[in-house]
Amino acid sequence: MFSFFKKKSPAPPAVTPPAPEAPPSVSAPVLPAAPAEPAALIVPSNLVMAPTATAPAAPPVRSSWMAKLKTGLRKTGTSIATVFTGTQIDDALYEDLESALLMADTGVKATEHLLEDLKRRVKDSKTTDPTAVKGLLVQSLAALLAPLQKPLRIGQYTPTVIMVTGVNGAGKTTSIGKLTRHLASEGATVLLAAADTFRAAAKEQLGVWADRNTVDIISQEGGDPAAVAFDAVSAGKARGRDVVLVDTAGRLPTQLHLMEELKKIKRVIQKTGPLQDLGNTTSQSANSVPPHEILLVIDGNTGQNALSQVKAFDDILGLTGLIVTKLDGTAKGGVLAAIARERPLPVYFIGVGEKLEDLETFNAQEFAQALLS
Ligand SMILES: Nc1nc2c(ncn2[C@@H]2O[C@H](COP(=O)(O)OP(=O)(O)OP(=O)(O)O)[C@@H](O)[C@H]2O)c(=O)[nH]1
């Protein structure tokens with residue numbers, strides 16, 4: 001599920017270690033083609049299980065996840081899939097597809113792109129079968145979504161500081177709980193910062209996750225969220241934690257004073273100073289200054305509104321990635337294509353349920369297949 005950097009050792013120059021032995025039920029991890037990685041080693045986690053077209057059959061864990069994803073996206077997929085039930089590939093088919101994609105909140109730009117790309121693929125393949133066109137649409141969608149597929153890198157800094165933002169009820173606290181569980185199950189030590197000091201229940205909610213996951217939580221009765229974040233990062237440094245997750249209160253991008261507050265939280269976290277970059281032992285890189293990740297949690301049910309949130313939060317904070325929740329039962333799953341076309345930020349995780357295990361890494365090919373199955 002994550003990329004872990006190998007921790008720095010004073011011993012001889014780093015040598016790539018053999019890949020950790022994978023448990024029998026888990027396939028070899030496949031990371032998306034990435035630009036040149038820094039010298040530090042990425043030790044792929046045994047939870048990175050994204051299969052590609054050429055990978056061996058999906059392991060049981062991932063395939064049950066796929067079933068969940070397919071069920072979750074059925075509402076979106078059914079209306080698109082019915083377009084291909086006819087016998088001819090004609091203008092009517094493309095018009096119906098255009099409407100279905102727009103109804104699925106794919107947005108005008110991504111819809112235009114997909115139609116153009118699909119027509120080219122149909123022409124190149126010389127197919128006359130509408131069912132085959134659906135297969136080509138899967139390819140086209142997967143190619144559009146591919147830039148969003150990226151693993152979250154953990155372990156390059158001690159701690160890796162992750163600030164989590166989003167509108168009210170998007171699923172921030174739940175996603176932090178799920179993420180904490182995954183991190184803890186991979187052996188990472190986690191410290192949670194309850195910087196949502198507005199909602200009385202938020203601290204308790206996070207406290208429950210903390211208890212469940214046996215991690216520490218830093219909170220302050222009615223305190224300043226920026227101060228909570230500062231204390232948490234300082235404590236994370238002092239205690240040598242691998243990850244500090246900072247939960248923030250939900251807010252709308254139109255609530256400018258609250259957006260200013262988020263900027264302040266970011267600034268104050270930056271003031272905790274640079275953290276040792278385990279991937280760059282010679283100089284201190286600029287991004288060793290926390291927060292290393294600023295994530296926006298979006299509710300997949302909100303469709304085009306989610307895209308507006310991505311743009312607004314990104315403009316103000318400079319986001320590094322997204323978590324898309326509630327993809328179970330949404331008719332608006334096309335919004336990921338809109339994000340890919342208009343604001344392509346990495347989608348680190350997607351949520352398809354309220355349970356702890358209902359969080360997985362995003363895989364473009366799987367998502368495209370599930371959406372159009
Ligand atoms: N079905 C489903 N529900 C989810 C998912 N993620 C979160 N939820 C539910 O969404 C609701 C809101 O989740 P929270 O985690 O409290 O949201 P939040 O963003 O922290 O909320 P605020 O702190 O009020 O801004 C809860 O009922 C969660 O159980 C998901 O992937 N699928």
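Heads up, the Cβ atoms here are built off N, Cα and C, so glycines get one too.
Bear in mind that TrEMBL entries carry predicted annotations, made automatically and left uncurated.
Listed ranges 1-26, 209-234, 235-260, 339-364; the one TrEMBL annotates as region 'Disordered' is 1-26. Taking Lys172, Thr248, Arg251 as the candidate binding-site residues, the subset whose CB lies under 6 angstroms from any atom of ligand 1 consists of Lys172. Less than 8 angstroms from the CB of Gly169 (GTP binding site) sit Gly250, Asp299, each of them six or more residues away in the same chain. Broken down by DSSP into helix, strand and coil, the domain 'SRP54-type proteins GTP-binding' (346-359) contains 0 helix, 6 strand, 8 coil. Mapped onto three states, the DSSP output places Lys172 (GTP binding site) in helix. Gly166 (GTP binding site) is surrounded by 26 other CB atoms, counting those within 10 A of its CB over all protein chains shown. Proximity of Thr248 (GTP binding site) to non-local residues of its own chain (separation of 6 or more, Cβ distance below 8 Å) is seen for Met163, Val164, Thr165, Lys172, Ala195, Asp196, Pro225, Leu262, Ile265, given in sequence order.
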